[in-house]
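**Student:** Dropping a structure here in structure tokens format, bear with me for questions.
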Amino acid sequence: MPHTEEFDVIVIGAGHAGCEAALAAARLGCQTLLLTLNLDRIGWQPCNPAVGGPAKSQLAHEVDALGGEIGKMADRTYLQKRVLNASRGPAVWALRAQTDKREYAAVIKQVLEQQPNLRLREGMVTDLLIGPNDEVQGVTTYFGSSFRAKAVILTTGTFLGGCIWVGNKSMPAGRAGEFAAVGLTETLQRLGFETDRLKTGTPARVDKRSVDYSRLEPQPGDPEVRWFSFDPEAWVEREQLPCYLTRTTAETHKLIRDNLHLTPVYGGYIDAKGPRYCPSIEDKIVRFADKESHQIFIEPEGRDIPELYIQGFSTGLPEDLQLALLQTLPGLEDCVMLRPAYAVEYDYLPATQCLPTLMTRRVEGLFSAGQLNGTTGYEEAAAQGIVAGINAARFVQGQDAIVFPREGSYIGTLIDDLCTKDLREPYRVLTSRSEYRLLLRADNADQRMTPLGREIGLIDDRRWALFEQKQARIAAEQTRLTQQRVKEHDPVGQAIAQQTQAPIKGSATLADLLRRPNFHYIDLEAHGLGDPSLAIAEKEGAEIAIKYAGYLQRQQAQVDQVVRQSQRPLPVDLDYSAITSMRLEAREKLARFRPLTLGQASRIGGVNPADINALLIWLEVQERQRSQVETALVR
């Protein structure tokens, strides 16, 4: 009988979901094993080495506010940072960091190795140990090792049945240079899980020494660096590197159109769906045929790495055509290609088979997170990873699971979409996916998530003290701004009236001034009316709370109204086929996905408001009949 080691939680896969899951479980006191195919590729960024961007930055901030790691990693290893959408409202402000991929992987590996309760091990999991009551009991590896655990988290990324394509040539691989994981897909199918195929891709890398930078448009980082983490201990001031911008040409487009038949998608070699919001260059040329040019960003992969990432230029063209294609771009006429672009096709588990806790519906104690659930992006993976890690630990410890409501965070929006929508293409989080984005801003992620992180046990005393001090300073500044007044005839009052093209009648509070269009806290500071002792985040927090107070209150009222109705639980044994007043499609969808609440039911594709109304009426009729029976029995 082979020796079997025992743990509380086992995490399979050490990408961005696996790292967050393992750290969360270990920090919550569980003996945790993190199994990976390659100990030298932990926390690797195989595509664009970057963190953040629209909606993704909100996820990174939220993970950090809960006690996770991705934001700290970006703050420690960035090459460049920029705030996107800075000229628009705070709901869509987005911090983005270009990171050093080797440094990022080295730092996260060090964090994992130094984490108490966590052990790392190299191995390929091929089978799950399942108990008599459909509960997970552990895993076995390709070479026959067994590990027991009460909870297992699958975070296998693109490695299940992974196959990479360059033109019409393919090979089994989870990503370039790393073999695919075999056996686990068949295990999941045997257990009754539905699996399907998705694809993604990554562009070529070119030698930075072969590029003519004089023909590129520099894209410098912001002079004032912003941070993903709310913990100043993670902040590292460092020199920033520029990125660059070029554009496709008519020659680029012609070369692609002439050779579309040689790509794996247009040549018919694969039919898996790729990411809608990160299309290949050939998809762009086909879908936007009237567009004469597309922006292409040239981004460094590291301080000591000669490779440049060609963002927006992923392709499935054969390798011998890729260099010619790259050399049609201004500035890259003499470039040297170091790695070809490729597409990767892989197995995934549609996440409608998961509860909102990310535990699977079929097997108790089995959790699924990250790209395996059909998402794309490191931030989406990290968000799911920390949720799975938290809930796996709570499952092992006999505590109630944590469900993140969609109105409370982008994490909640992401997971609710995954668990209720029949998604058949890689899912990317977007600000437009949230109905409550004015409330779910990056700047207040700590206000929304850190109290929960503290309650769960991931926020220590030092972090909690930092949080309380920050909130107290914001509240005090709001009070000052609503009380301090500027008089009409004061020199500063006259200067502000001239600047804003609006008179001050008698006097106005600083809060009144902040409510004026295009007048901000930085303008108060210019007139000597700010508080120089406050941090930027505290100044912005006070300004946003005042400037957008009416909008925030209205949206919060909408949330409160929706929550009252949407959180109404649905019976787990509800027979949807009996609700004949509902359309057949809606009955079938509800029976298939088994939503836990009325809110979840309303967001399932194929279920419309009339169906929800019919469901409500049916529930009320059933409740009334039950009440009448109970009353009759009492009599």
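Cβ coordinates come from backbone N, Cα and C, glycine included.
So Swiss-Prot lists the following for this protein:
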BINDING   G13, A14, G15, H16, A17, G18  FAD binding site
BINDING   274-288  NAD(+) binding site
**Student:** Have a look at the binding-site residues S280, E282, V286, F288 and say which one has the shortest Cα distance to G15 (FAD binding site).
**Tutor:** S280
**Student:** Which is it, of A14, A17, C278, V286: the one of these binding-site residues whose Cβ has the most other Cβ atoms within 10 Å?
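**Tutor:** Checking each of A14, A17, C278, V286, the winner is A17.
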**Student:** Other residues with Cβ within 8 Å of the Cβ centroid of G13, A14, G15, H16, A17, G18 at the FAD site?
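**Tutor:** The answer, listed by sequence position, is V11, C19, E20, A21, T36, G43, T155, G157, G370, A381, G385.
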**Student:** State which of the following binding-site residues has the fewest other Cβ atoms within 10 Å around its Cβ: H16, R276, K284.
**Tutor:** R276
**Student:** I'd like to confirm something. Which of the binding-site residues, C278, E282, V286, has a Cα closest to the Cα of H16 (FAD binding site)?
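**Tutor:** So, of the listed binding-site residues, the one sitting closest to H16 (FAD binding site) is C278.
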**Student:** Might you list, by sequence position, any residue in that chain lying six or more from G13 (FAD binding site) with a Cβ less than 8 Å away from its Cβ?
**Tutor:** L35, T36, L37, L154, T155, T156, G157, F159, G370, L372
**Student:** Taking the Cβ of E282 (NAD(+) binding site) as the reference point, list residues of the same chain whose Cβ is under 8 angstroms away and which are at least six residues distant in sequence.
**Tutor:** I256, L260, T263, V265, Y266, T315, G316, L317
**Student:** Measure from the Cα of C278 (NAD(+) binding site) to the Cα of every one of the binding-site residues A14, A17, G18, then give the nearest.
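**Tutor:** Result: the closest of the binding-site residues to C278 (NAD(+) binding site) is A17.
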**Student:** Would you say which of the binding-site residues G15, G274, S280, F288 has the most Cβ atoms within 10 Å of its own Cβ?
**Tutor:** G15
**Student:** Give me the count of other Cβ atoms within 10 A of the Cβ belonging to G18 (FAD binding site).
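**Tutor:** Within a 10 Å radius of the Cβ of G18 (FAD binding site) lie 30 other Cβ atoms.
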